[in-house]
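Enquirer: According to Swiss-Prot:
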REGION    1-49  region 'Disordered'
COMPBIAS  1-10  compositional bias 'Low complexity'
REGION    72-124  region 'Disordered'
REGION    146-195  region 'Disordered'
DOMAIN    201-425  domain 'tr-type G'
REGION    210-217  region 'G1'
BINDING   D213, A214, G215, K216, S217, T218, N349, K350, M351, D352, S391, G392, L393  GTP binding site
REGION    266-270  region 'G2'
REGION    287-290  region 'G3'
REGION    349-352  region 'G4'
Amino acid sequence: MDSGSSSSDSAPDCWDQVDMESPGSAPSGDGVSSAVAEAQREPLSSAFSRKLNVNAKPFVPNVHAAEFVPSFLRGPTQPPTLPAGSGSNDETCTGAGYPQGKRMGRGAPVEPSREEPLVSLEGSNSAVTMELSEPVVENGEVEMALEESWEHSKEVSEAEPGGGSSGDSGPPEESGQEMMEEKEEIRKSKSVIVPSGAPKKEHVNVVFIGHVDAGKSTIGGQIMFLTGMVDKRTLEKYEREAKEKNRETWYLSWALDTNQEERDKGKTVEVGRAYFETERKHFTILDAPGHKSFVPNMIGGASQADLAVLVISARKGEFETGFEKGGQTREHAMLAKTAGVKHLIVLINKMDDPTVNWSIERYEECKEKLVPFLKKVGFSPKKDIHFMPCSGLTGANIKEQSDFCPWYTGLPFIPYLDNLPNFNRSIDGPIRLPIVDKYKDMGTVVLGKLESGSIFKGQQLVMMPNKHNVEVLGILSDDTETDFVAPGENLKIRLKGIEEEEILPGFILCDPSNLCHSGRTFDVQIVIIEHKSIICPGYNAVLHIHTCIEEVEITALISLVDKKSGEKSKTRPRFVKQDQVCIARLRTAGTICLETFKDFPQMGRFTLRDEGKTIAIGKVLKLVPEKD
């Protein structure tokens, strides 16, 4: 303590440390220094009892606290950091990714340079602890606080869909040297880092699709509750809030519909995300919007999914509305197939409704209408589709067998998911990570699902199509920090060497030795699903391929393909119409990343949309080199 800036700039970690410091080293001047000097002369017990005053200006001594929480962290916009919880650890985590402050061990000597950023710890230290008591857990259990301090802005993209990036609110200003240290190192916490050798549960992405109001978000919320990811108290709070808005049957969906607009209207807009685990697998729920205005968002969700759950309302009138021409049941099932989803679980929901009352006749009626359509889309009724009745609101047949439907002999929903065979994913394939979103948080963070290959911390990668060289600074797999990830995992990767503004959704992270293909012109095979008039060369639409959305023009029609025999016509067609299959040449407005369907199916399937409707689905056959 050689600076004369007064000891309000810093505080001893404990009373033992005060005893160790010589009386002469205390700064002279105000009442603060006299209080410290007085404390040094007194026995511990009397000093403690005399000084226990929550209104005291210098500090409130607390013998159980190993460290102090900086007072500037109490602002509402700042995420919580670790308070005195990690107890006996005598390490000072400096520059290890704690953007909001440093932890100090109980017996560690305090250097003056490290003390100064701990601005005025004020007497209301107990108040600080109280304010931070919710997000901070007991000693050693630091996962939640660590997660939030590493990436507070991810809350907007996932937990609060629809918001802008909150990364700009940023951490408080620190010295240049500390900022550099924190950028170069990611947190090293034993409680969060998963060792690369540890056995991992298989990651499975499940997208919930179906017509608006079928009950997708409610089922998602019920799963979160039944698997312990949302506690009873939180649900009771949602129920109270929903009742106040006369929306009491919507409260379960609020676990996934987190923004105010979605709650007020009862409609999912963004793709909500949540996680749950079974004995064998780790699942990510992608709750896709059902309204036709938000189909592009639904396509983004389906492109990341391994498995689709088509939610159908059994309520009289609702099933028919969702399934007829204008409904989203048909379009969603078709888009899920186009996005590469192999398995489809059809949940016939709202079986508890008075118009249905767990009627097997109604269940079979819905099933009979759906099977021919799903077969036409490309799902095999025997291998790819599984039907089950349920009630999202009551939770019947979600986790446990329901007494209301003794006629259903299969497994309930969650046990069925747990017993699915493993998805065979190659860890040796080329690295392909399509970017879904990006934001700033102590650098550039990108979000996406690793389609193939494996990524480790410190690895050098290339961002395509711009060929930016980047370095992996840190990896979060479903909000858990790790050093190594395998295909199928949902990742947040912090990158060095690229700015957030230089990345767009649809860009791909690749291995420098095995880059993905990129271009603007390519030949495709397309099936015209729905279009009233004929389609000729020069027709413009919107292309959805993996996570990329781009304007596209059909520049040429090459041949028609016979649906039954697969034979191609000898002459070039002048136009194509609904239900026809053709080979065509497409040209995008900008350069995009893509692969042929034969080489890499996940990046070779696409959808064409126009005027809010899916007009065609297709696959990439060949990339055409650009003419100089």
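Every residue, even glycine, has its Cβ placed from backbone N, Cα and C.
Please go over these features one by one and say how buried each is and what sits next to it.
Expert: For L393 (GTP binding site), the number of other Cβ atoms no farther than 10 Å from its own Cβ, over all displayed protein chains, is 20.
Long-range neighbours of the region 'G4' (349-352) within the same chain, counting only residues 6 or more positions beyond its ends whose Cβ lies under 8 Å from a Cβ of the stretch, are 214-215, 219, 311-315, 318, 358-359, 362-363, 389-394, 396-397, 404-405.
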Enquirer: Over all pairs in D213, A214, G215, K216, S217, T218, N349, K350, M351, D352, S391, G392, L393, the listed GTP binding residues, work out the largest Cα-Cα distance in Å.
Expert: 17
Enquirer: Which value does the mean pLDDT take for the region 'G3' (287-290) in this predicted structure?
Expert: 55
Enquirer: When secondary structure is assigned with DSSP, how many helix, strand and coil residues does the region 'G4' (349-352) contain?
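Expert: Here the numbers are 0 helix, 1 strand, 3 coil.
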Enquirer: May I have the DSSP-based helix, strand and coil counts for the residues of the region 'G1' (210-217)?
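Expert: Its residues fall into 2 helix, 0 strand, 6 coil.
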